[in-house]
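Pulled from TrEMBL, these are the features on record:
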BINDING   B:85, B:86, B:113, B:114, B:115, B:116, B:155, B:184, B:187, B:209, B:239, B:265  pyridoxal 5'-phosphate binding site
MOD_RES   B:210  N6-(pyridoxal phosphate)lysine
């Protein structure tokens, strides 16, 4: 069992804030500042260039990858950190396309994160081989899996609605049709147990700045199933993916394992922050996390629906059909969210009308949910959103 | 004028160390720890998600880009930070190839950093349009510029020998032949004045962890000449390069300016470290830096040649023909460098036989050069390198 009162005490929370946006950027673990300071002062400052070996910087991307691997059900040695999620999506998709050279259709849904779709468009254009990116409604995905399909590329949890795809079922169906799967775990890694092995997933990617609490700009990760790694030709063939980076050969030879998905120099300071947040995650039972997350989201939905008839639930009502976020639609959702934020309940807004709230049992408890519902009800009951100051659309994050 | 005694005092140097490896990883500026701690504690810790706007994270890549732009002679608004150098090389080369669709030859030299060559190989393979990467000896580059040439892709300073390409002359010759140029400034940005505008360069890239002292894993930068940016179709079309990232459109529309070369979420903690090191660089006169660098390398060459006849200079003897490093060949160079490192003179080794020493006037002075020469002479005179402990090749960085 995981003691969530204990994990809550491991996070810094700004005074009075109820932070329901850990699905966008996780809050700061208290131990992170010291860990990052150590990387700056003791590692970089004292070891300088020798830090690559003596402080373990060179091995960080795979060492940290294994710790994330436990959370997502990956085999040890098959997850590596680096770059951004967009880059990792590009790598995964490029490798997947290579594995099915005679097919041209890449299937995704309109609930995929736009950057995944943009990266796919860019890759298809670069390849110039007539691939088609077919974008269907989330509920239509299964119906579009057929023998033309090259790659099924999905984000497991819809960033707007929180709707959860059936990874196991869709993977099996896609594979039965001869296709390869690429799963983006941006809103699942750290949000619930993921079982990549059990689902027989081919490729997966994810980020660490959301539920994994590694901070703004934290590195992404990529998983390649053991059966594919030897046939996986890196499109982004950087020197740290080379079999012998420091031989400085002029010919690229991919590394033997997941290392081949590395590209350039790893972001050591960001990796230190991830190291600190994984010290918390190492202690977390993912089934207990999921149970706690479902309890929080059920409580939130019940509270909001009882008190805010103006808001319409757009997340799946079945808790097993959604991730760890809850979204409500409201025509003036942007202003309403600004009014909540002004009252220290932090969620976010996604166009055109979605108020989005994330629930992370590591630092959010039932008391927080009650307090958040009180604020949202106050905003709605008293039309606090109907104030010009909240309607000015600033740069939205 | 720049007061180099004052800048030297701004760096932390491990006790007794003479650090001649700032061309590989720059040392820690004293102010960096506090700046990074502020990013962790005050920005991430207190502002959480609102840091993207309220702490200026979203604008950092272009704001820091302009400060680097001054050092490399770029127009304001045409440099952006992000990702790693390998990724930025890929983006620049992909965009350059697009500008000359009817040509197939990409010319580079065997002194280019291997990752640049690997990334080019990977891109050519993805494109599948019959491009040829022609790799010639550095001194043969000019002779291979002809009307078949699509892109001239070079690293301005050879990472092994320190030999400096004539950026202005080669750019003019390549452009006269109808080609596009991509310059990697890894060993020139912060090593000497660079004048991208004066050279009429097309694309440039570079890293910030070497001479620019932004720390291990610091982000890379890319420059696109103003005349090209509108025609530059990003191959890595990530959401932060989109014209309106937070509109979450399903269609990619590139940003209007250099922002289109952004890909994913910027590494905020690494950017904070860069911000601190640029506080030093903002004060540096690049012509004074170059004069000081030449004085140090001339002193070092004279000292080593006078006292170590076993070592053979492989860097250009003309100081205007080299960057800010000096390399000597020695058959047992690996062991000899280990012996120097054991005596706190830190340089590095590059296969097969190169002992490489970098000179950064910001923190190295004439007294350091004399002391380093004393140690190297001791290692050579007394065959201190001839010890099995130094001959064990560990992982080399």
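Cβ coordinates come from backbone N, Cα and C, glycine included.
Source: prediction; values computed, not measured.
Taking the features listed in TrEMBL, we show where each one sits on the structure.
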residue	record	DSSP class
B:85	pyridoxal 5'-phosphate binding site	helix
B:113	pyridoxal 5'-phosphate binding site	coil
B:155	pyridoxal 5'-phosphate binding site	strand
B:187	pyridoxal 5'-phosphate binding site	coil
B:210	N6-(pyridoxal phosphate)lysine	coil
B:239	pyridoxal 5'-phosphate binding site	helix
* Listing the binding-site residues B:85, B:115, B:155, B:239, which lie under 8 Å (Cβ to Cβ) from chain A? -> B:85, B:115, B:239
* Sequence-distant neighbours of residue B:115 (pyridoxal 5'-phosphate binding site) in its chain (C-beta under 8 A, six or more apart) -> B:85, B:86, B:89
* Roughly how many Å separate the Cα of residue B:210 (N6-(pyridoxal phosphate)lysine) from that of residue B:187 (pyridoxal 5'-phosphate binding site), to the nearest whole number? -> 8
* Asked: Which site among B:113, B:239 has the most other CB atoms no more than 10 Å from its CB, taking these as binding-site residues?
  -> B:239
* Tell me the Cβ contacts of residue B:187 (pyridoxal 5'-phosphate binding site) under 8 Å, same chain only and six or more apart in sequence, or just say none. => B:23, B:155, B:156, B:157, B:158, B:159, B:162, B:210, B:211, B:323, B:324, B:325
* To do: Across all the protein chains here, work out how many other Cβ atoms are within 10 Å of the Cβ of the residue listed as 'N6-(pyridoxal phosphate)lysine'.
  => 27
* Across the record's pyridoxal 5'-phosphate-binding residues B:85, B:86, B:113, B:114, B:115, B:116, B:155, B:184, B:187, B:209, B:239, B:265, the largest CA-CA distance in angstrom? -> 30
* **Those binding-site residues listed as B:85, B:155, and which of them has the most Cβ atoms within 10 Å of its own Cβ** => B:85
